[in-house]
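Worksheet: the structure to be examined is printed underneath.
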Amino acid sequence: MMKPVLHFSKLYEVKKLLRKSRLYTVCEESRCPNISECFGNKTATFMILGNRCTRRCAFCNVEKGFPKGVDPEEPYRLLEAVKTLGLKYVVITSVTRDDLPDGGASHFAKCIRVLKENIEDIKVEVLIPDFRGNKKALEVVLKEKPVVLNHNVETVPRLYPSVRIGANYKRSLNILKWSKEIDKSVYTKSALILGFGERKEEVIKVMEDLRSVDCDFLVLGQYYQPSLKHHPVVKYYSEEEFKEFEEIGYEMGFKFVVSKPNARSSYKAFESLLST
């Protein structure tokens, strides 16, 4: 369910800039329901390392296939786009790049470094893939001091074989656990998409698992099927059910919880930081 298209002139301005800069956003590639709101406010989650993913998650609308090589100029194009938009809080994500030895970690690090070296007081949040469980790759990213390290578990362990093909629940938890071991000053975040057929008790158990690795921020949102070839929606959750999960999350000790049908992991990212 898409939100009404607001701020049309700003929406067009951001899209025009992205095309000119040859940059991608996960907002567009994943058909995010919040795109008009975020673009209207001149915010976006930039997607580096191309727009083709080496994984085939059953819910994701990002193009699958063999990606192109890494573009060494991309961090500088990203810098110019951020400057033009006047952003002070930037979210960077990527497709999963299992074809790269470090999963793209060094490119993430370069993007963070270029932004921080050229824009005073810039805050950078990263939404990273699992780097195939490579702890050294995670260290490379954290060395550049992003303000938030986001890695999404996406669904409950039972549904991984059908929903997150190629991923591993324990590996994803380890990314969040290792992040705190490497640098406690960096906030961690994760998200769950609901509607694949998970049970309430399974969702709560995942929330408990996230707190057990000291995850700070939690996002829960409704799954909307992008096309007939994607995983079907098994259940649509009510506003009341999302509210209940939010209350449970705060009771567990999460610093900030966004639990709404249209919530996505980067939605209101800066607000989560302000809450700390």
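Backbone N, Cα and C define each Cβ position, glycine as well.
Copied over from Swiss-Prot:
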| type | residues | note |
| --- | --- | --- |
| BINDING | CYS27, CYS32, CYS38, SER266 | [4Fe-4S] cluster 1 binding site |
| DOMAIN | 39-255 | domain 'Radical SAM core' |
| BINDING | CYS53, CYS57, CYS60 | [4Fe-4S] cluster 2 binding site |
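Cα of CYS60 ([4Fe-4S] cluster 2 binding site) to Cα of SER266 ([4Fe-4S] cluster 1 binding site): a span of 15 Å.
Mean per-residue pLDDT, taken over the domain 'Radical SAM core' (39-255), amounts to 94. Within 10 Å of the Cβ of CYS57 ([4Fe-4S] cluster 2 binding site) there are 21 other Cβ atoms, across all protein chains. A Cβ within 8 Å of the Cβ centre of CYS53, CYS57, CYS60, the residues given for [4Fe-4S] cluster 2, is found for these other residues of the same chain: ARG55, ARG56, PHE59, ASN61, VAL62, LYS64, VAL95, THR96. DSSP assigns CYS53 ([4Fe-4S] cluster 2 binding site) to a strand in the three-state reduction. Taking the C-alpha positions, the distance from CYS53 ([4Fe-4S] cluster 2 binding site) to SER266 ([4Fe-4S] cluster 1 binding site) comes to 19 Å. Cα of CYS57 ([4Fe-4S] cluster 2 binding site) to Cα of SER266 ([4Fe-4S] cluster 1 binding site): a span of 19 Å.
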